[in-house]
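I have placed the structure first, in the form of structure tokens, so that the comments after it can refer back to it.
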Amino acid sequence: MTRVHIRWDRRPALPAAEALRKVISGCLGRLPTENAEIHLVLTGDQTIRELNQRFRDIDRATDVLSFPDGDELPSGRRFLGEIVISLDSARRQAEELGHDEVRELCELALHGTLHLLGYDHLRDQGEMNEIELKLRRELLP
């Protein structure tokens, strides 16, 4: 069974929690993993900028960061890691792309989940993008 923990650093005015759980769980259910746990943090540009500075030596905000782990938890689940999403970036991107914030948050959560599973769009000759597009069609609201 998959477990998704969501922490809101800033409470958004939108009904995203259930949609986010559904997308992450659906992604994990379609790819080779089981009995996994993921933590999702929804925050703002300032926090994500600080994380980028600390861990990637990049002095700017990005929309999503993934921090893979892989350790086994006392519950027996495998902790895949943590996804951090900027609500500020998600709102801007949703407006630019002409869809709602829930959809944008779900797209970012899906992207982050694939990174936790080891996919890397910078190195895999399009494999991650192909899987991501397929899962978007199947899972997104």
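Heads up, the Cβ atoms here are built off N, Cα and C, so glycines get one too.
According to TrEMBL, the residue from HIS99, HIS121 that belongs to the Zn(2+) site alongside HIS111, HIS115 is HIS121.
Each of the binding-site residues HIS111, HIS115, HIS121 was ranked by the number of other C-beta atoms within 10 Å, and first place falls to HIS111. What surrounds the Zn(2+) site, by Cβ distance within 8 Å of the Cβ centroid and not counting HIS111, HIS115, HIS121, is the set VAL64, SER66, GLY112, LEU114, TYR119, ASP120, MET128, GLU132 from the same chain.
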